[in-house]
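K.L.:
This is the structure I have questions about; it appears just below.
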Amino acid sequence: MSYNLLKGKRGIIFGALDANSIAWKTAERVHEEGGKFVLTNAPIALRMGQINELAEKTNSEVIPADATSLEDLENLITKATEILGGKLDFVLHSIGMSVNVRKGNHYTNQNYDFTHKGWDISAVSFHKTMQVLYQKDAMSEWGSIIALTYMASQRVFPDYNDMADNKAYLESIARSFGYYFGRDKKVRVNTISQSPTPTTAGQGVKGFDGFISYADKMSPLGNATALDCANYTVAMFSDLTKRVTLQNLYNDGGFSNMGVSDAVMEAFVEGK
Ligand code: NAI
């Protein structure tokens, strides 16, 4: 269903790799709600992924950018405002990668070059993106910037590895930069903390299947899907949430406030 919530709005969507990506679903929903946007991803992901299919479907252009490169981000933001015909109303940062996770290094046995690379991609890239947007004065007043995060930033989930630290850093950047963006440009900055979701990045986490079914059983409303996340992001990009900023917003079926659920308890009752 479409409500035209984003009619006339322009933006950039980072991180659509394939049809499972949260950013892919978000691009589809933003398009349905009347928003126009440029899609972007790292050059290597553009070669491997199916982004052209999404671009065609949503009448959008694709501009490659490695989100750790200031030069790429400057080029992206300049070109996006030219293509879209004005300043931006929304930006989605949907980027995450841990080299330690990818290489199977345990949290207690990190390769710090990998730690640094993963931190740059997953967290500092959000600062870099906002710094370029801020310095170029590329956001419209009452614009909205969202990054995606996960609960392991605040509580222990053993196999989330150094991504837990990256997400804590990402959430802090949202608050710190959000202050300046709000004060100086009237722009909102928030993070959405999403349930475990079966995507390429999600499935890279060891024991993901157990992880996802545990969260589902623990949450009174069950896990939020990628489409649920896309819908929440549309609401956050719309004018209906104009004074929500500096927040970490849970889209997790209630998981973050649970201690234990009946469904999880049952698995521990003796004899069962
Ligand atoms: P995904 O694998 O579809 O998306 C991750 C994206 O990051 C990919 O498109 C990848 O190409 C991009 N990326 C990696 N390095 C990059 C770079 N140097 N420059 C630009 N882009 C780069 O997976 P998903 O799950 O859609 O991830 C999106 C966001 O959602 C991430 O921040 C992830 O941590 C977050 N998230 C995911 C959850 C899950 O369980 N899947 C749960 C909570 C948050």
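The backbone N, Cα and C atoms fix where each Cβ goes, and this holds for glycine too.
Below are the features I grabbed from TrEMBL:
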- Y150: active site, proton acceptor (ACT_SITE)
- Y160: active site, proton acceptor (ACT_SITE)
- G15, S21, I22, I95, K167: NAD(+) binding site (BINDING)
K.L.:
Between K167 (NAD(+) binding site) and Y150 (active site, proton acceptor), find the distance joining the two CA atoms and give it rounded to the nearest Å.
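P.N.:
Between the Cα atoms of K167 (NAD(+) binding site) and Y150 (active site, proton acceptor), the distance comes to 7 Å.
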K.L.:
For K167 (NAD(+) binding site), list the number of other Cβ atoms lying within 10 Å of its Cβ atom.
P.N.:
25
K.L.:
Here's one to test understanding: among the recorded positions G15, I22, I95, Y150, whose C-alpha is closest in space to the C-alpha of Y160 (active site, proton acceptor)?
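P.N.:
Nearest candidate: Y150.
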K.L.:
Given I95, Y160, K167 as the recorded positions, which ones have a Cβ positioned under 6 Å from some atom of ligand 1?
P.N.:
I95
K.L.:
Checking the spread of the NAD(+) site as listed (G15, S21, I22, I95, K167): what is the longest Cα-Cα distance, in whole Å?
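P.N.:
Largest pairwise Cα separation, rounded: 18 Å.
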K.L.:
Write down the Cα-Cα distance for Y150 (active site, proton acceptor) and S21 (NAD(+) binding site), rounded and given in Å.
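P.N.:
Rounded to a whole number, the Cα-Cα distance is 15 Å.
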K.L.:
Measuring Cα to Cα, how far is I22 (NAD(+) binding site) from Y150 (active site, proton acceptor) in Å?
P.N.:
13
K.L.:
Name the secondary structure element type, per DSSP in three states, that contains G15 (NAD(+) binding site).
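P.N.:
Where G15 (NAD(+) binding site) sits, the three-state DSSP reduction gives coil.
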K.L.:
Tally every other Cβ atom lying within 10 Å of the Cβ atom of G15 (NAD(+) binding site).
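P.N.:
Result for G15 (NAD(+) binding site): 25 other Cβ atoms within 10 Å.
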K.L.:
Same-chain residues six or more away whose CB lies under 8 A from the CB of Y150 (active site, proton acceptor)?
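P.N.:
Correct list: Y160, M163, A164, K167, S193, Q194, P196.
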K.L.:
Taking the Cβ of I95 (NAD(+) binding site) as the reference point, list residues of the same chain whose Cβ is under 8 angstroms away and which are at least six residues distant in sequence.
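P.N.:
Those within reach of I95 (NAD(+) binding site), by Cβ under 8 Å and sequence separation of 6 or more, are F14, G15, A67, I121, S122, S125, F126.
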